[in-house]
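Here is the structure we will look at, set down as structure tokens.
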């Protein structure tokens, strides 16, 4: 009973936290409209929203919550596969929430002092942040498909408010690209889910996976689902919202966007695709997925190094890392036999990237408002997650080793080589972002015992130790032996060397090209194409409209003519009256003649 | 014949109220309000009693012979009860709303009198047990809605009214011919007795196909199927409660309900399927869904956009019944209820914006979320439901439509659904964006077109609470779809009746 309640509370508590602020404002009689002092919005209770999830992730055992009346039959579960996801998601949300209290402190002060504009924007964030969290937790816990889709949709749409929080032109652009791409993703997911559910007639995700494996059109369904979740996971070609939306969101929101929310796309793949099912017959799709993944991993690295905004560089790094994860999912489709060994690694990789990318994003805010720490310590702590993401130290090293071992065993040596190349790219991206952070660093030191630096410190430490605390179901993380280190570290060494060379060249040469490579790359092409298509459509619509109105006019004219003819009939009336008597007499006379003759 | 008085009493609640209202003097505001509300509540109670009785397997039949071979028959079945339940629930909400909406306008007596007649016709349509009774109330609905459409009495309203009559009366004529032909062919057509036509199908299938198409033509004007939808966007000049009722339960729904009766209870789904007529319906529905959405996208005013959205959404019902299999039936039936709840909410909201702030165009809505948060929240819920996002009711409809499409062996219909969802998002999300994210008069930029302060809260209580209530119902119908007596549960009952004899 108790854990069942806890599962419900995990989702319900953020919702209650969300509703608290407007209710409180309503109690205080139109506090929204009144000028003057306003209540504190991002208080300690607000930051407590992900705590029940954290408790649930630490609660031992597997539990199920059944709710007959909920949607089409609610079934929420906590099992060993979901636990690591819940754990790192809740942890990153907690850290980001604490960080946000510091990051938005100035806005909060302005709002408390009576600045209506800041207060409204902050109120939006204070309400939609827990809602996004609730959606994220629901999608992890849901086993019935409607709840899963509900969680996914709630998370996607409420995160829009987090993206556009700044309210400037860039924010609206980022928000628009985010929303449009998300809508396409949702539509593809809906199509795939409906098709699959109609074919298999199930409401659970496990039933769905088995069903797709056996279905006749399984390949097409899997493709739809892969593309749909691929928008969130930043698959090459569908990734365009990431570099536009990440830099404009407030830093803690970028951290959860990149750390947890794009992982929801990966989680969607793992929940719906028949990975590791030898009867699925999706090998060709799997090979395509691997290629797309590697394309994203390498392409994003190449484009990302030209970016100037550190958060844009980090966004491209996220695309690159998600490309690697995509390739691994492709391996699961192409070689189902390898999946049992690989699945734990994928989860480890996801958690490692989520936490580390979260720490890196939070670090951008830290370098802008540096706390009063010795400068070597501060920058060592900023460099640590970057090195870890490149795979040189701590959690990154362990993840890379575990991954490499699993792939070598499965005969994917060439894929390992490509991934190592992508790791060179990651190193370059990390060098680029750190360089940009250094150039844009702030000089007003803040006390280090404040929520923001403490949350960041905790995030860095937690990210470094992901393999130690992540509750993986099987296998778990391994640490490489000493003799394997050169094989693991060469991409980092090459990357650092390349970064130095490029940096020296860039200092000498005026690098004009990079100014033209705006973040969002393909987005601009898509936008132009859509604009073109829309114009064509509008033109076509006008032509049809004109033809239709001409047809209508002709019909109306005909009808009027008919009405005129009808009124004309009345004129014959008089002649009828005059004709009646002679007609009768004529008939009578004819009859009489007939009788006389007959 | 057990408890025959129940359907008759339900019909009488609104039919007998009408003359009383006409008899009351114009200024008897309270008497009229109390009478209207009492009748609405009484009817809702009677319908609840009948729904409970239906679940217990009881029969409610009332009938007498008009002339030899033609009888007047009221009968309670699951399908009719769904429609009756929807119309009595929304009648209550709309009565409250209309009392607030027309507080200062003239001719209230005429309005509420015809309003009662209109609802009486809707109830008659839902309880009708044979084709003759159905036709009777169907035509009565046409005539009793005309005074409501032209209520404002200005040239624009009169022109719209003329257009409305033109469309509906000619369609009524076609329908009458079809019904008479069917009577000549097989005698009286009692709903649910499909053996007669099935027996005839072997030798006279071309004739039956022709008759089906004639009847469909007659019904599809009210159901606003493309290309016969032209009257609906023009009828937008009617007052907001009328538009709400017109779109949610009365006229458009009556047409859709007629098609449902035609397919399930006159021909029978099996026969319709074998005659190959379901494909016609699917095609019509898909074209209407996409065309309506595309036209909605081009509208600059709020109510016409909602009107074209209705054109598109009502066809979901037709699409659902045209998908052969129980899931398709569930989808069509459940959307009959869901669309009513969501669309009525949206029209109430449009009315609230117009009454309180004088807003009619979409670009005037900037920042209205701050000025009218509850109305805007209700609008948001309705719009999200129309897009088909969970947990609002529209998601359940879309889910079952998808299942039905696969079951009927037409997975391409899912592509239509997805395209329609995207189009719905394309015309609703910009409105939501204006409501919540754009700064407007509420933030000190410019002025509302005509602001009035009608009540203690954001607008008058009479206008606000029906809106909030129907929005809540649309949310709960989706969120708690698994509970007994939810729309989904009722629709499942209809589907089991239909497919498990």
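Going from the start of the chain as shown, residues are counted 1 onward.
Note: Cβ is positioned from N, Cα and C throughout, glycine not excepted.
Annotated by TrEMBL as transmembrane segment, the relevant range among B:164-186, B:348-370 is B:164-186.
At the 8 Å Cβ cutoff, the transmembrane segment (B:82-102) and the transmembrane segment (B:462-483) share at least 3 close pairs (sequence separation 6 or more) and count as touching.
As a quick check, the transmembrane segment (B:409-429) and the transmembrane segment (B:275-294) clear the bar of 3 or more Cβ pairs under 8 A, pairs 6 or more apart, so the two touch. A Cβ distance under 8 Å defines the sequence-distant neighbours of the transmembrane segment (B:462-483), meaning residues of its chain 6+ beyond its ends; these are 89-90, 93-94, 96-97, 99-101, 103, 337-338, 341-342, 344-345, 348-349, 351-352, 355-356, 374-375, 377-378, 381-382, 385, 390-396, 454-455, 489.
Only sequence-distant pairs (6 or more apart) were considered; of these, fewer than three Cβ pairs between the transmembrane segment (B:244-263) and the transmembrane segment (B:33-55) are under 8 A, so the stretches are not in contact. Residues 201, 205, 208-209, 212-213, 216, 220, 224-226, 229, 259, 263, 267, 269, 308-313, 315-316, 318-319, 321-324, 408, 410, 413, 416, 419-420, 423-424, 427 of the same chain, all 6+ positions outside the transmembrane segment (B:275-294), place their C-beta atoms under 8 angstroms from a C-beta of that stretch.
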